[in-house]
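Q: Take this structure, written in structure tokens, and hold onto it; I'll ask about it next.
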Amino acid sequence: MRTSLRLRTRFLSPEWRRRMTNHLLSFILFTPFIGAFLLFFVSNKQREIVHGIAATFAGLSLLGSAYLMFVYDHAAGGFQFQEQTVWSSELGISFFLGVDGIGAPMVLASAMLMFAGIFVSWHIKDRLKEFYINLLVLGSATIGVYMSLDLFFLFFFYELSVIPMYLFLVIWGRHTKGYLDMKKAGDPLSDSVAHFFNFNRSSKEYAAMKLTLYLSLGAVVALLGLLLVYVDSGLRTFNIIEIAEKGHLLKSKENLYFWLIFLGFAPIAAIFPFHSWSPVGYAAAPAAASMMHAGVLKKLGHFTIIRICFYLFPTATQQWMPIIAVICVINIFYGGLVAFLQKDTKFVVGYSSVAHMGYIFLGMASLNQISLTGAVFFLFADAMAMGLLFALAGYIYYQTHTLDIPSMGGGLASKMPFIATAFVIGSAASFGMPGAMNFIGELMVFLGSWRVYPVQTVLAAMAITITWAYYFRMIRDMFFGAPDPRMAHVVDARSLVDRLPLVLLASMTIFFGLYPAPFINVIQSGVMPILARMEAPAAPSLPATAAEPASFSIEIDPPKDDDTKPAADPVLGGK
């Protein structure tokens, strides 16, 4: 015990941390890019080398992300491990990286799902090298969004993340039937996107185009909002911290800034009514792309709204969150009810993810410490649970050649006991079983939202029964009953390659569901400065429900007396 304490003390000493973390964020961000670059010089015929390069560089990024969470000083809080290089002094653009208690967990989630996706995609036969290049670029792009403290580069990495998703769908995607079951039979062109581009709605091309259009049109709206902020701040800079501290944004335009940026990033967060691209994209994408899509790509919307709207426009945020609290309940019920109607495994999980986004927005809308901490915790928890379920869906499809639940015939547990066990764990995590991370996130969201939006909280809690219903039914229909003779060829996951990503994700959701303190302490340190800006006496006339102070304190591991020195700056924090 003493040896462990001495090692931790040494690793957290200022000198050690300064030496090891000078360029930690750049290492995490650029390592996958370097791996993708090296893969260009390897032939697809050299599969072992392709596998080795992809796994090594994704693994290095994961190790760096885990170390980042370990050494993040939650007592100091603020944006830590900052790196800044001027890119254009005339335009006020800097390559400015830094993470707070909100960004650090999401960096870890991106790196973990990227690493797990490498192994989930191990058996791909068609253009494996190009697949891994896209996966590494997608992982780096999402990490870049979570690290960027410059609005220009935040937007750049956001746009970069859309390109690999489009390629995943059009090259390695599959045609789907589940979406057609929701529409009138014999009317494949009733959807506006399908009609305009003359795509059948069950095609992978349709899914790719719909994803690209929704996210790109949203990005145009967000870009307009970012440019208005840049011009009106009077600072000629995209530096988020500088704009927050010194900017002269017009109060009369704050609602305009808020809605442009909120509506610009709302589609990627799959908030109603901008959600319909998401389940279609899940279902058509290969397993690793679905994992990244559900786990971290969709979370970019929530993160950017917190990072920009909550941080820069606290008055407008408090004014409009009651409306968002109503919309999020629609998200929860709509996603849950449509998931209940589905017969395709990926559509069930995909619409379940849409419903989960409503719980996260409910926590965000409540604007108190426990609810916002729970919402960010839920972001990470949902990344692990959805990543696990989509990885399992990919393996089941690889074995059965179908995702249609009735076509599987049931009884798969007798042929695939390991996969069945992992699927039960993932499903239990998704519907909030105590002992899983999702339960902690949901509980914190409800505890915080009950004080502000009691009606919405009761409705959201009732909707959990719908989640139980479709997950229990899916587990029963897929894994129990007499085995179907048509599935005699199915085998369980036996190799390390097949089991490693599943064990990794399941272990994360269980371990930190039982011991959430490390994540909660880190997340709280990122939440409190945002709430402090909202509680400033700049807007005394705001609605009481939206501006309620954050009196819930859930400090799990309070600092010792000698660690309670106040930080020099509540926004920048310390290292």
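Even glycines carry a Cβ here, placed using N, Cα and C.
Got these off TrEMBL a minute ago, pasting:
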type: COMPBIAS; residues: 557-566; note: compositional bias 'Basic and acidic residues'
type: DOMAIN; residues: 198-466; note: domain 'NADH:quinone oxidoreductase/Mrp antiporter transmembrane'
type: REGION; residues: 553-575; note: region 'Disordered'
type: TRANSMEM; residues: 20-42; note: transmembrane segment
type: TRANSMEM; residues: 49-72; note: transmembrane segment
type: TRANSMEM; residues: 92-119; note: transmembrane segment
type: TRANSMEM; residues: 155-173; note: transmembrane segment
type: TRANSMEM; residues: 211-231; note: transmembrane segment
type: TRANSMEM; residues: 256-275; note: transmembrane segment
type: TRANSMEM; residues: 320-341; note: transmembrane segment
type: TRANSMEM; residues: 348-370; note: transmembrane segment
type: TRANSMEM; residues: 376-398; note: transmembrane segment
type: TRANSMEM; residues: 418-440; note: transmembrane segment
type: TRANSMEM; residues: 452-472; note: transmembrane segment
type: TRANSMEM; residues: 496-515; note: transmembrane segment
Q: In terms of Cβ proximity under 8 Å, which residues at least six beyond the ends of the transmembrane segment (20-42) contact it?
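A: Distal contacts: 49-50, 53-54, 56-58, 60-61, 64-65, 67-68, 71, 81, 83, 97-99, 107, 111, 114, 129, 132-133, 136-137, 139-140, 143-144, 147, 575.
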Q: Given pairs 6 or more apart, does the transmembrane segment (376-398) have at least three Cβ pairs under 8 Å with the transmembrane segment (496-515)?
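A: Answer yes: the transmembrane segment (376-398) meets the transmembrane segment (496-515) with 3 or more Cβ pairs below 8 Å.
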Q: Short question: most Cβ pairs under 8 Å with the transmembrane segment (256-275), which of 49-72, 211-231, 320-341, 418-440, 452-472?
A: 211-231
Q: Can you tell me which recorded stretch out of 211-231, 452-472, 496-515 has the most Cβ pairs within less than 8 Å of the transmembrane segment (348-370)?
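A: By Cβ pairs under 8 Å, 452-472 leads among 211-231, 452-472, 496-515.
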Q: Any residues 6+ beyond the ends of the transmembrane segment (496-515) with a Cβ under 8 Å from its own?
A: 112, 115-117, 119-120, 122, 381, 384-385, 387-388, 391-392, 395, 418-419, 422, 425-426, 429, 435-440
Q: Other than its close neighbours in sequence, what residues sit by the transmembrane segment (211-231), given a CB gap under 8 Å and a spacing of at least six beyond its ends?
A: 92, 151, 155, 158-159, 162, 165-166, 169, 193, 237-238, 243, 247, 249, 253, 256-257, 259-261, 263-268, 274, 276-278, 280-281, 304, 308, 312
